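> Questions regarding the structure given below will be posed in turn.
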Amino acid sequence: MTTVQVPAPVPDETSWISVCPGGLWEVRRRWLGERKRGDITPMMGSLCKVKVQRSTVMEGNTLHTASQEQESTASHTSYPRSQDSVLQLPLDVWFLLRMGEGQCDLTEACLEGMRAGEMCEFTISAWNAKNSKAAGSDANGTQTENTTEQGSSQQSDCFTLQLHSLTPGQEFWQMTPGEKWVWVLSHKQRGGQRFGKGDIWGATDCYCRAVKLAITLNGKTRRKPVDEMFKEGVDGEDDDDDAALTPCFDKENEQAECADVSIPTEEEYKTVKAELHCNLSLCQLKLGQHGKSRDSSIKATELNPKSTKAWYRLGQACLQLGELEESRMAFGKILELQPDSESARTALKQVNNRLKDLDSKLGQRLSKMFN
């Protein structure tokens, strides 16, 4: 009988790009030990008790420094975000991390699919740091290097992540419109706080999370009570015809929906969504993502055509892209809405000067061609 040695299966490894205050990082994760059974895994709102520790890699073998202890001490519940750190949570201690808040996007992503008692190993390295703006920039536009208190950004760092326990959470499709709206507003507020501290990448992440959730609320805003809708009808219309054309409502459900003030009205929904796109446009502009900034500001102007901030962001993005006619139109729109805007007047003058320079250079080239 011939014995065939079957090689050990290679641990499943997944990779993705995560964001931290210093920029973008590539993450590779693989499971350690036997996978647990069960359906409960971290979801939005889950409170996860985790511990992150450094692993030492020696000649292809990984020495895991994380202990396999089942008992744990008290958990840390807060940790300040830092521009100089990739992992936005303390090492070597148990820490309570709430999924969905974006405290540490990298760790949250690693926790997806984990069960209580499991451990994984993840390796991080700066993503395209040499050829892109992955290093990011602070609020003053200065470059920030991808450095971390645990190691240099120019080499890979390896860590282990333990999930001790967790509370149940929800997928976004399981949430009520009111619950989604609470998350949208919290992401928006958190984005503003991070932007104020110079955490542009963190603010961008918050606004992106908010926009993705807000999209799922389209068409699910709070409507007016049916009796108010009838009061706003046109006088003189035939009541019988109106009744025939009016859909039947479940009175109890209709009253409950209208009374739920946690659900935004259509006007509130569009206003907040426009502000999110406008704020996201500013972040993208500071990160050098001019095309994305233009697209975000266009969405903001479509949602709120009277927003001078949205038009100003559009003008700035188009100016950076060299789309001078579009930039002039955007700044001109601001002066229509707010004739005394000095910033718009100054920006418009700058655009007009650049257009004159281009016309002058084009004239000189044409004259050389024909002479």
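Just so it is clear, glycine is given a Cβ too, placed from its N, Cα and C backbone atoms.
Pasting the feature list from TrEMBL:
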type: COMPBIAS; residues: 139-155; note: compositional bias 'Polar residues'
type: REGION; residues: 133-155; note: region 'Disordered'
type: REPEAT; residues: 308-341; note: repeat 'TPR'
> Over the repeat 'TPR' (308-341), what is the model's average pLDDT?
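A mean pLDDT of 96 is what the model gives the repeat 'TPR' (308-341).
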> Count up the helix, strand and coil residues in the repeat 'TPR' (308-341) according to DSSP, in that order.
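Counting residues per DSSP class in the repeat 'TPR' (308-341), I get 28 helix, 0 strand, 6 coil.
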